C-alpha cells in the first residue's frame, strides 16, 4: 500500500469510541417504517443524459453533498449520536446547502438487517430522545423521514464487506465469510426494501477497490469475468440492483492501478502501471466501459481524490496548480469521462484539513474550483470530526461547524440558484418548508444551465483606514445568465479575506502603517465567478502609542504532573514599547486556559495519562501580544482509580507493510478518563501513520494517546484505533499492552 506505484497509503479513519452503550446482540423482528406519502410519488428519481444528471423532466440536477459514516463501522449507526442530535445535524446540513448524503454501510450490516438481527446502537438517548428504543435499521429509516422533511436525498455506499471501523482498508469487496454473492444479496435486499422511496436515489456499488501489482489480492479493471475484476463485479451488481429498482442511480468507482499500453495485468513491474488514489483510477473506462444495456442512463462514475496530508503523491512533490493537476492526474484518470460526454461524474470523496500544509490548501482549492466550474456533483469527505487524516465539517462536540472549511471549500461547490441552495426534492425546499436558505429543483428553470459569470465589480474604493482596518465599497455587478448575483468575494492580494452579499466590506486584522491591495469578485447563484475588479491600494494608519509586542517568553518548563494538573514556569519577557509587560497568556494547544500576571501557573482540569502541549505569550499594557514561546509537551500521571483493560490486536500484512486494528476495552468498574496505550514492536516494525489516537514511536516503544472525542471510556466500553506500518519480513504482534502503567489482558 506504500509502494512505489504511488498508492495512497491512507487509512482514512472511521473510528470512534463505543462507550455510551455497550454493543449487545439483540434478536428483534424486522420493523417496517412507513414511507410518507411524498416518498411514494416517485417524482424525484434521477437519470443521466450525456455527462449530466437530470430529473424526470430532463432538468439538470447537481448532487452537492457530504459523507456521514458510522453505519459501516462496528457501531452500525451514524457516529456522533453519542453527543450530537440527529434532527439538529440533519436540519443544519440542509440549511447549509447539502442536498445529498452518501451513507457508508457494510454488506454485513445489510445482511443483518435482512435477517432481522441487530446490535444495540451506540446512541445517547438523552441527546436523542427521538431514538429511544429503536434498533439500527429503525434509526436509519427514522433519519430518512428527517431527510424527507428537510429536502435531503440519500445514496448508500457499500464501504466494506465487514462491519469494521477499518474495513475499507481491505482491498476487495469480499472478505472472510462475506462472499461476492453476499454482496449481491445485500444490494438486492436494499433495492427491494426502498424501491418505492425516492429519498434514496442511488447505490455506490463498492468503496475504493484497490491493490497494487505487489498485493496478494488486488482489484483490476478489464474485459474478463475474473473474480478480481471490479469492472465485471460492478456491472453485475448494478444490473441486479436495476432489475429491482430501475430508478436508482448506480455509482461506480475506479481502482488503484491500471496497466500501461501493452502491459498485461500479470506483470509485477513497478513502472508498468499508472497509479493514483484508491477508487480514483478510471482509465479502464476508455478501454472497457461499464455496460448496463437498457439501464445505461442510470450510470454515474465516482472517483475519489485527496491531498498530500493523506499521502504525499509524486505530483505534490513538485510545483503544481489546477492546470497541472488536470493535465497530470484528474484528466487521464477520470475527468475525460465528463469532458468527452461519456457519463456524469460524482466526486465521491474529497476534502481534508486546512492550514497545516500550503500544498494541501492549494490542492483543495484547485479541486473546489474544478468542481464549481464544471458543475460536477460531489460528496465532501466528511461530516465526522473523527476522521483521523481529514477532520470533519463538524468539530469534536458534534454541534459546532468548522466555518472556515465549510465557507472556503465546501460552500462554493454547492448548487445554488438565485442566491439559494437547490434541493433535489420537487415539493420540499432544501431546509424544509419555510426555508430561507434553500429552494426546490422544481423552482429552478430548465433549459441550458447558467454558465455565464457576472460582470466584474466596478468602482472599488477604499474609505478612511484605521491602524488595523480598511473599509471598501464598490458598484454592484450584473448577471445575464439567469441565476442572479449571489454575493461577492473580497481579496487582499491573492488571499480571500471575506464574503458578503452587500456592496461594502471592512477588512480587519491589518498591520499599522502598511500598504495593502484589494480586489473584489462577484459570484452568481450557479456558482460562476467574475473576473476581479480593478485593484485598489490603501495604507493603514500609523497608530499611536506603544505598538511593539513584548519579547517572546523563554525557558518554558513543565514540573512534575499529577493526574489532573501540570505546573509551568518560564522566564520573564521584556517590553521595549514603553507600556511594560502586564501578564501572560497560557495556551493548552490552541486553547487559552489562563492569564497569570507572574511567570508560573499550574494548569488544572486535565485528564489522566494524557499528552498535552503548552505555550505562553506575553501581553503588555497597550494590549500587544508576543509570539508564542517554544512549546513544552508533558503527559499527565495515570489515574490510580481507573479500571482494568483488555486489548485485541489484529493485523493485515503484505510484503513490507501492514495495517493493524487495536480495540481497547475498559474492563473495570469505573470510567477510564484519559488513556495512553503502550506497547513495543518485537520485530523492528516502524509506525508510519495512525488514526483515532495520537500515535508516537521511540525506538521499539509505541504509544497511542486518546483524542478529545474518545477520551472517556465507560465501564465495559471500547474504542477502536489503528495504524499502518512497515516491516522487514517479520511482523510479530506485540506481546504486552499497558494503560497507565498497568498491563492489559490480551484477547
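Each residue, glycine too, has its Cβ placed from N, Cα and C.
Of the candidate ranges 416-435, 436-455, 456-475, 476-495, Swiss-Prot annotates residues 456-475 with the feature region 'Disordered'. Counted within 10 Å of its Cβ, the other Cβ atoms near residue 208 (active site, proton donor) come to 26, all protein chains included. When the Cα atoms are compared, residue 349 (active site, nucleophile) and residue 208 (active site, proton donor) turn out to be 10 Å apart.
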